[in-house]
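The next block holds one structure in the form of structure tokens; read it before the comments.
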Amino acid sequence: LSQNTSKNYFCSGSRSCCLLVFRFSLSLNTLLFARWLTAAVVFALRVLCFLSRTDVATVTPWLAPVVWEGTFEPELLDGVYRQKNVSIAVTVFAVGKYIRFLKDFLETAEQHFFVGFKVHVYVFTDRPAELPKVEMAAGRQLTVHPVPAAKRWQEISARRMEMIQRLIEETLLPGTDFIFCLDVDSKFHGRWGAESLGSLVAVVHPELTFDRGGFPYERRPASRAYMAPGLGDFYYCGGAFGGDLHEVRLLAKTCRENFEADAKEGIEAAWQEESHLNRYMWLNKPSKVLSPEFLWQDFKPREREIHVVRFSGVVKNYAEIRPN
């Protein structure tokens, strides 16, 4: 190349380079603006959704959302989490005669629980031969974990946290994103989806929503589940909780250790692992609270605040199904 040609080429290249940088900067700014706009729209939708329910509390004192029908946009949330290709684990304990509830649980979960997502159900049972046959959709699967039979239903409750902890440590990490631990003697009636996802998720007990003084916390100071009078936020269900694997592992580990420490001193908390869970959730506030829509009771008339029943405990004879 001649000197003049080289100079012209260099100048032309500089202009092209500047134009390329300008276009890249413009594209980057457009992308950032689009992301900001998307985030702003999502935030605005959330605010509007929360404001759409003035008859109930939609946020906790520590600013965690309380999820009710009308406080979220289902398609928006599902779209966000489907793009992330999240996977959901579910644990259910079908021990003893509780195996009879498993078929309804699984069939209704196929209809309503995280439809269109990757879901893996882990069934803990002492009766694997009685496992019902339920057809599962693509991307959904079931694994059975045999467990010993129990002489007392409290033993089932006591061992649950240990088994959840071990499942997370030995099987689920690091490939699973979220886990929900649900009671098998319940079934789904409505949508349960991405609106329930969070790092630590609790469900408000349907029978215990207003009078904190009447919450059945463990009141004996000797127990690791002890809650002094005047303390507490909500009373949470032991039959439905979840979150990301690291948070639920820590919850299960702490509750198990406290339960075992109590047992060594001859103490059994008033409501077994539920008492320890409530103590834990008071000290470690959940990042998301699900309304009683997410665990109602079939025998309980629907109150005016409950626009949708998503998951509900079935009517049963405890004296007949429990070993003691």
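Every residue gets a Cβ built from N, Cα and C, even glycine.
The feature active site, nucleophile is assigned by TrEMBL to E274. Among the features that TrEMBL reports, UDP-N-acetyl-alpha-D-galactosamine binding site is placed at F93, A94, V95, Y98, D183, V184, D185. The Mn(2+) binding site annotation in TrEMBL covers D183, D185.
What TrEMBL annotates, mapped onto the structure for a quick look.
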residue: F93; record: UDP-N-acetyl-alpha-D-galactosamine binding site; DSSP (3 states): strand
residue: Y98; record: UDP-N-acetyl-alpha-D-galactosamine binding site; DSSP (3 states): helix
residue: D183; record: UDP-N-acetyl-alpha-D-galactosamine binding site; DSSP (3 states): coil
residue: E274; record: active site, nucleophile; DSSP (3 states): helix
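It is 18 Å from the Cα atom of A94 (UDP-N-acetyl-alpha-D-galactosamine binding site) to that of E274 (active site, nucleophile). Cα to Cα, F93 (UDP-N-acetyl-alpha-D-galactosamine binding site) and the residue listed as 'active site, nucleophile' are separated by 15 Å. Spacing of Y98 (UDP-N-acetyl-alpha-D-galactosamine binding site) relative to E274 (active site, nucleophile) is 18 Å (Cα to Cα, whole number). Its own atom aside, the Cβ of D183 (UDP-N-acetyl-alpha-D-galactosamine binding site) has 18 Cβ atoms within 10 angstroms in the protein chains shown.
Spatially, by CA atoms, the binding-site residues V95, D183, V184, D185 include one closest to the residue listed as 'active site, nucleophile', and that is D183. Counting every protein chain shown, 26 other Cβ atoms lie within 10 Å of the Cβ of F93 (UDP-N-acetyl-alpha-D-galactosamine binding site). Packing around Y98 (UDP-N-acetyl-alpha-D-galactosamine binding site) is summarised by its Cβ count: 22 other Cβ atoms lie within 10 angstroms of its Cβ, all protein chains included. Each residue in V92, I99, F101, L102, I156 lies on the same chain as F93, A94, V95, Y98, D183, V184, D185 and has a C-beta within 8 Å of the C-beta centroid of that UDP-N-acetyl-alpha-D-galactosamine site, without being one of the site residues. Comparing the binding-site residues A94, V95, V184 by how many other C-beta atoms lie within 10 angstroms of each C-beta, the top residue is A94.
Within 10 Å of the Cβ of E274 (active site, nucleophile) there are 23 other Cβ atoms, across all protein chains. Here the Cβ of D185 (UDP-N-acetyl-alpha-D-galactosamine binding site) has 22 other Cβ atoms within 10 Å, regardless of which shown protein chain they belong to.
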